[in-house]
Structure formats: C-alpha cells, structure tokens
Amino acid sequence: MKSDNHSFLGDSPKAFILLGVSDRPWLELPLFVVLLLSYVLAMLGNVAIILASRVDPQLHSPMYIFLSHLSFLDLCYTTTTVPQMLVNMGSSQKTISYGGCTVQYAVFHWLGCTECIVLAAMALDRYVAICKPLHYAVLMHRALCQQLVALAWLSGFGNSFVQVVLTVQLPFCGRQVLNNFFCEVPAVIKLSCADTAVNDTILAVLVAFFVLVPLALILLSYGFIARAVLRIQSSKGRHKAFGTCSSHLMIVSLFYLPAIYMYLQPPSSYSQEQGKFISLFYSIITPTLNPFTYTLRNKDMKGALRRLLARIWRLCG
C-alpha cells in the first residue's frame with residue numbers, strides 16, 4: 001500500500017473537515033439559530049408524541065405504535081447530526097474524527113433506512129384501516145406491528161453494515177475536506193482516490209431497494225385509499241380520511257424526494273454544493289415537522305397531549 005494512502009487496512013485519516021457554510025461566513029449565524037430552534041422543536045415535539053403514545057390508553061392502536069417509533073427515529077436521527085453541525089458552526093475547528101465520521105454515517109444510514117420502512121408500514125396501516133375496516137383488528141394486531149418494526153430496524157442495520165464495510169476500506173489521499181454539514185456515504189466516497197465504481201453501484205442498488213420499494217408500496221396503498229375515500233358518501237368522513245392521509249403524504253414527500261435526489265443520481269452529476277443543503281430536508285426539516293404534521297389535524301393526539309400536559313402540571317404542582 002502506498003504511504004500516501006489512508007484506509008481501514010492501513011493508516012486511516014485522523015479527521016475530516018466539514019466545510020458546511022464556512023465559505024459563506026455571513027450565513028453561519030442565521031443557519032445556527034435556525035438549526036438550534038429546529039432541533040429544540042424536534043426534541044420537544046417527538047418526546048411529547050412518544051410520552052403521549054405510551055401513557056394514554058386511547059393511543060395504543062397500531063397507528064400510534066408506528067408513530068411513536070417514527071418519533072423515536074427522528075429523535076435519534078437529529079441527534080446524530082445536528083449537535084455536531086452546531087458545534088462546527090460555533091467553532092473555528094470544523095472537524096470530525098475519522099472514527100466519529102464513520103459512526104455518524106453508519107448510524108445515519110441505519111436510521112434513514114429504518115424510517116423508510118416504518119413510513120411504508122404506516123401507509124399499510126392506513127390502507128387496512130380505510131379499505132378493510134371490518135378486518136382491521138384482526139389484520140393489524142400488535143404482534144404484526146412489532147414484527148414490522150423489528151424488520152425495519154434489522155433491515156436498516158443490514159444496509160448500514162454493508163455501506164460501512166465497503167466505505168472504510170477506501171483509501172483517502174490529500175486533504176480530507178467534506179463539502180457537507182455532516183458525514184454521508186456519497187460525500188465520503190467522493191473523497192477517495194481509488195476507483196469507487198463498486199461502492200457507487202452497491203449504494204445505488206441498496207438505496208433503490210430500501211427507498212424505491214417502500215415508496216412504491218406507499219403510493220400503491222394511497223392509490224387504493226384514494227379510491228376507497230371517494231366512495232365514502234359522508235363529506236365529513238371523506239375529510240377526516242383525507243386529512244389523516246395528506247399529512248402522511250406530505251412527510252413522505254419531504255423525506256423521500258430529497259433522498260432520491262441525493263442517492264440515486266449518477267455520481268458524475270452529483271453536486272456536493274447542492275447536496276449539502278438538500279440533505280437538510282431529511283436530516284432536520286422532516287423530523288421537526290413530523291410532530292406538528294401528525295398532531296395539528298389529529299384530535300386523538302391533541303387530546304392525549306392535553307391530558308399529558310395536565311398530568312405533568314399536577315405532578316409539578
């Protein structure tokens with residue numbers, strides 16, 4: 001192995017420089033404030049949903065089991081990236097250790113893949129609830145929900161494991177500058193001085209499987225849902241069904257479309273400058289919006305949150 005190459009098999013680079021917006025110093029403070037507020041809102045909102053789903057008996061249905069897992073994923077998702085981003089924006093040393101970078105993209109890909117499958121499971125739940133209401137309790141039983149969630153976590157881990165094993169073996173040469181806010185596999189692969197065709201191909205295949213297949217299931221489920229909703233004679237019933245589903249579709253769009261742009265375009269056309277801003281959609285914007293999207297139009301969740309706040313108030317009083 002050449003002495004100027006660094007890899008998992010030899011000397012690994014000590015650290016990566018995360019460029020972020022350091023080339024635009026005027027943007028760092030406003031972005032720092034936005035990210036900090038978004039992170040606080042994401043933490044508060046998702047913790048509230050998890051607590052309400054756990055302690056309120058009215059929210060022990062499959063829909064809220066999936067929602068509480070989605071909120072937990074979003075908590076972990078934002079905590080994996082945002083604190084590091086905030087530290088770098090407030091410091092002149094915008095670095096992350098090689099080990100820290102590896103852990104970050106490993107966990108990030110694990111959680112991202114898991115969330116793709118959880119969102120598909122939520123679409124399946126809504127399909128059964130609206131299109132097969134008489135069989136809902138039999139089909140969407142608690143054991144099945146737990147199995148789907150376990151499948152999501154295990155699949156996400158498998159995807160992440162493959163990506164990490166392939167990426168840590170790449171040699172890196174020269175100055176290790178990542179034109180991104182945090183470590184992601186496409187950006188790290190871009191720094192390698194070796195031929196990354198195998199990495200690019202496997203990344204595209206895995207992302208296509210774990211992103212496009214769940215997305216196809218979601219769109220198929222909502223196609224059947226739309227057809228069933230249009231048959232509902234009650235305008236109130238149609239409005240309630242569309243309200244629940246539209247919030248889910250908005251989250252799906254904000255999460256999947258940027259991910260597809262980032263991970264499924266040819267490496268030759270991949271723009272790190274555009275990609276680092278697009279990655280903010282699924283790393284912070286979607287996790288921040290999720291609690292509000294799922295509660296503002298959901299009477300059961302709003303009622304549960306009010307009861308939770310009342311209980312906390314009594315305990316504090």
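Glycine residues also receive a Cβ, built from the backbone N, Cα and C atoms like all the rest.
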If you compare the topological domain names in Swiss-Prot, are Y98 and L166 on one side of the membrane? yes
Examine the ranges 177-196, 277-296 and name the one recorded by Swiss-Prot as transmembrane segment. 277-296
Out of 62-83, 105-124, 144-162, which stretch has the largest tally of CB pairs under 8 angstroms to the transmembrane segment (200-223)? 105-124
By a simple count, how many Cβ atoms lie within 10 Å of the Cβ of N199 (N-linked glycosylation site), its own Cβ left out? 21
Counting CB pairs under 8 Å, which listed stretch among 105-124, 241-263, 277-296 touches the transmembrane segment (62-83) the most? 105-124
Can you work out which residues elsewhere in the same chain, 6+ from the ends of the topological domain 'Cytoplasmic' (125-143), have a Cβ less than 8 Å from its Cβ atoms? 62-63, 65-66, 221-222, 224-225, 228-229, 241, 244-245, 248
Folded-back contacts onto the transmembrane segment (277-296), same chain, C-beta under 8 angstroms, at least six residues removed: 35, 38-39, 41-42, 44-46, 48-49, 67, 70-71, 74-75, 77-78, 81-82, 108, 112, 180-182, 184, 247, 250-251, 254-255, 257-259, 261-262, 302, 305
Decide whether the stretches the transmembrane segment (105-124) and the transmembrane segment (30-53) have at least 3 CB pairs under 8 angstroms, with pairs required to be 6 or more apart in sequence. no
